[in-house]
Amino acid sequence: MELVCPAGGLPALEAAIDNGADAVYIGFNDDTNARNFGGLNFNDRSALRALERIRSRGRKLFVAINTYAKPGSFSRWQAAVDRAADLSADAMIMADIGLMEYARDKYPKLSLHLSVQASATSVAALEFYRRQFGIRRAVLPRVLSLKQVQQLAAGSRVELEVFGFGSLCIMAEGRCHLSSYVTGESPNLNGVCSPARAVEWRNGANGLETRLNGVLIDRFADNENAGYPTLCKGRFVVDGKRQHALEEPTSLNSMALLPELKAAGIQAIKLEGRQRSPAYVAQVVRTWREAIDEVLQRGADFLVKERWRGTLAKNSEGKQTTLGAYDRPWQ
Amino acid sequence: MVSIRKSIARGGYRLGCRLLPVLPKWPGELALVKFLNVQLAEELEEGEFDFLEGRVLEIAVIDFRISLRMGKSGARFVRAPASAITDAAIAAKAVDFLAIASGREDPDTLFFHRRLSISGDTELGLTAKNRLDAIDRSRLPQRAQRWLVLIAGALADAAAK
């Protein structure tokens, strides 16, 4: 099982390598990737340094070009593919079928991984992407239950990668336009759920208030944990009661399912968090490295250690971690 | 040895809480921008802090009741003039700033736990955080790195009491 880890900058990449990542995924510093934040990600020079460090330590480098090209700006997305190909990255992570066609035609030897943003949830969908674009691997959306993941793995002819840990969203991956409702920008087209320029935090008499483009989306009492300022995680008055109407700020932690995922033939575990610091990457990667090594050694006897649970809980968004949709027996 | 270090840290911390709010803040600001100008000369040269040009970023150490305000002019970080309005402010306790600086803790984690807050222009604050995360700490002088880790650890222990 390959451990695929996030890096928003060179120190995070080094932290990932030092703590046992098999592969590290990065993005360029523009809207061609889904973590398009100011000051984050790689320019050509730092991407080259990233590649050197990856090669010298015998790991793999993946480049996420996982947003959808906008009309009139396809050339920027094509350029991102060219840049990743120039680097000889080990794989490109993509969702846009136009861009995948470009990559397949121009760089037939380059591995394509289907991004979670493509939201492929059936064997037929995976087969479509494999036949049309020759994808080697697909990252599965987090809407699937463990049973569904197992069924997909049994029928899939491409490698499968699933999410192990990280902030959860409403999980309509590749189809979510909620945030664009208030900001006009969506993760698929602009690479951000909540563009930072639209976010405002203000301490008021009733606690810490979050506004997105002027719209109040949450208010935290002093003792409450905060989350990322996205519309889906806001609290709204529904039927006279203020509540998380769509989604609570939580983090996914599928560590307890590692033996089942391995038995199902899942080839890779992905950790979320290119927007996080090297300190997060170091702690979370080290924890998962130890857990995966233990699963490889002990198989079904694997037990999640309390220390691992504690480290992951501390780094979580919201006050809890959950198995998310993996644990929905009714699905 | 450990307990001596702890009591020094605790004593130093209490003294800092009492003294720092009443001392003038310009020496601190001057020391901060001087340190950053030396350590981040390469990044400044490459334009990685251009987003701070003409802006004012405030770093508020809440337990010491001091706020250091800085900006950038040309190829250097500068103290912000008293008349300039703060564009973005990042506030936390000394122990948490040191935990971030020494690589012990992740700023988002501290933010979720309400130990770090950001106000004003979120994009400016977030960009500053991301640029600081991208700095290669191994370039800092070895002695400075050791001291940073040591002080951060001692303060974290003292704060846990």
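Cβ atoms here come from the backbone N, Cα and C positions, even for glycine.
Database features (TrEMBL):
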BINDING   A:Cys169, A:Cys176, A:Cys193, A:Cys232  [4Fe-4S] cluster binding site
Which of A:Cys176, A:Cys193, A:Cys232, the listed binding-site residues, has fewest other Cβ atoms within 10 Å: A:Cys176
Neighbours of A:Cys169, A:Cys176, A:Cys193, A:Cys232 excl. site residues, C-beta within 8 Å of centre, [4Fe-4S] cluster: A:Ile170, A:Ala172, A:Leu178, A:Ser179, A:Pro187, A:Thr230, A:Leu231, A:Lys233, A:Glu247
Other CB atoms within 10 A, centred on A:Cys169 ([4Fe-4S] cluster binding site): 24
Three-state secondary structure, A:Cys232 ([4Fe-4S] cluster binding site) (per DSSP): helix
